[in-house]
């Protein structure tokens, strides 16, 4: 972090200087250097165009340009680089090259590194002290074509039996290690286009204040408040005025050539590139973000593809979002979010993460935070509230299996809306939050989808689904798809809307509800009416929600950031249990999303029909999506059904759908029997292991009383953290 903090220093001088060994040259900037006296270091593989791009960038910025090959190495060695490599061999050459770079110094210049400089740690540490490393991430095919045309013969490792593709693959790890900023180059980009991308990336790095966040309810659009960065919103969760955080200037948009680059990448690589564009490197460095992502989506997922897309039937495709450790789509966010949360924590405070769950979030957040280690784990506690009668038996077993350390699940004799409303009330009571901070040095936060770091990783899998269809030849980039999502709290649907904002050609986001169809009613009529409405239990409990939090972000998005309108609507909802949006706004909403609902019988019939035709077993939430998609989607383009949970989590309802007699009572035996019936998808070994180990644990059951839940919070803090003296 020291190097990143150093980059925030003010511009100090316009004078640029270069010195190397006994050779000394001087340049004077025609403009104030954009990075002060820090250098812009262009890094990338041989053939990436670093030299030419460096000249263009330097010219546009009025800065001196240094090419390490020509101006440093050949000036020092008094011989061509190719001759030096031929004379010394690759290993010794790397050492000599590294030492030459260690003796190099410059300020306020554009420096084009060699393709092999990053292989020498000491040299890179030296130049990075005074420079911003910009990685030209160029498509391998473009590089190979260029090098073939150029007949390059001075590449370290270029020898008989070693392909250029192997050399590029080996070197990639070093480029990923040293980069500060990635410039993702589209296939076929010209050097002029790459130079423009570099200039854009450098401007972004300098202008962190352009990537601040505002509350959906902030009248002044944040102008009168202290600037709020990504690292702030991750920890705070909910804005002080009760609104939800959103990026002030919206999402970055990728062009078609960038998306096509991503199509050939793994899920982890896609996540890295997309999240780098959404998280400023001064909040989370590129290297640290990479470490988190590859930990989040590694061997803990049962599928190497992480979130694979498979053909279901006709024009329908299914994205399996249940391969994480707790077998639900929540793992895609909650294996990463706790790492981001711990990374952004300020010193000297403990944090208690409060979570309301209708089923899947609870076990996912407990799993994610339990994977933290060391100081991060000791400073962070997790308390989950879930409705005692509103989750499946397997979901309950998963949550109550976490009973040690700083993690606990407590059930409440009420519904999800009461649990969520209670947590929001706790955040809004200054007396309570102040008491916890002063008495225990503990700050409250949340990991529900109201937290931006929960929502943001979900944008990745919607993007990835489209890219999978492109990669597999189902569509060409630019052709539309629809996405059908089982919808309760609207976080999953909102992340699809944001993916569309980034440039994914999603035509319609289809919101699918069960008989608790308040979201469907709202999208259809523009009226959100909780008056006299009771929550009904269903076979799809994760979407048994009446007060949909992330609709607030959607209305803010659709209204072009009209925070006064948002504040008025949701204040009315809190006080009067009702609001209605203006007719023009309803029309704009319906251009973005469709919505429908299905009965319990419709859901079970969809599961039975798909199994009969394909052998595929869907869970009940996916059954809701299938039933609604069949009704609303006309087949004019592919539709991706978001399969948000493994069928085994809702075994009794799935047995009912499949009309299976003599259902075993034990959840483990239920899973075993269902696995026999399902030809696909595959079994979920981690869920089976968890259930076998957990058994039936006793857990705390609380009445629907706010004061009792406050006592649980204080008890959790007392058990988890040392009292502040």
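The backbone N, Cα and C atoms fix where each Cβ goes, glycine too.
In TrEMBL, annotation is done automatically, which means it is predicted and not curated.
The domain 'Threonine synthase N-terminal' annotation in TrEMBL covers 213-297. According to TrEMBL, the feature N6-(pyridoxal phosphate)lysine maps to 330.
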Mind giving me a neighbour count for the residue listed as 'N6-(pyridoxal phosphate)lysine'? Other Cβ atoms within 10 Å of its Cβ, every protein chain shown.
32
Helix-strand-coil residue split for the domain 'Threonine synthase N-terminal' (213-297), DSSP-based:
38 helix, 8 strand, 39 coil
Determine the mean pLDDT over the domain 'Threonine synthase N-terminal' (213-297), rounding to the nearest whole number.
92
